[in-house]
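What follows is a single structure, written as structure tokens, with notes after it.
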């Protein structure tokens, strides 16, 4: 990743320090308790430590309550070591299962990190509030950077498509998909915002007031097009929004 100050308060919604996840004590606790994920009727999955095996069942102790229960072996899902907490790309998880994916997305979301990669995809969880991660400063940070050099962001996806268009001279598409209210429209606006800014900077050496006004016009045009219909093109990049 590029040289980013993780202690910069303006970047707290983009990147998290990994130092806290390298704690030997946390690793030792994870190993000692043999922590796993078990299904839970209210919370989906909860952490539990394995205490023993009885036939096709496993006796576990729920981490939060200390309650002991028996669950079928097939219902247990492995838990990743603490060093993978809030990982930016879930393809890097040692144990890639439903419980681990949901936990990682939840932990990142509670930390204000709404963008998470999942291999070629970028998963976005609607924060239902405004975050200061779409400013000109942030655009400049992502401009011209490779995807792995920066934290997950719609700007990284957009820049990748934009650079591929320039270098390969081929059409590119970004697909924002998700259920109603997931944030498809808002992220589409951010795609247009980034493209307008970067294209203006490339042609004139910087985004002037007139260029920024053009960005606003393009956003208005995009909103008007929603009343007409959607245009689908071959997909090169996909955003999944929840």
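Backbone N, Cα and C atoms are what each Cβ position is placed from, and that goes for glycine too.
Just so you know, TrEMBL annotations never went through curation; they're auto-generated.
Summarising the annotation, TrEMBL assigns domain 'Myosin N-terminal SH3-like' to 31-81. Feature annotation from TrEMBL assigns domain 'Myosin motor' to 85-242. Taken from TrEMBL, the feature ATP binding site covers 178, 179, 180, 181, 182, 183, 184, 185.
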Fewest Cβ neighbours within 10 Å, where candidates are the binding-site residues 178, 183:
178
Can you tell me the three-state DSSP label for residue 183 (ATP binding site)?
coil
Residue 182 (ATP binding site) has how many other Cβ neighbours within 10 Å of its own Cβ?
18
Count the residues of the domain 'Myosin N-terminal SH3-like' (31-81) that DSSP assigns to helix (H, G, I), to strand (E, B) and to coil, and report the three numbers in that order.
6 helix, 30 strand, 15 coil
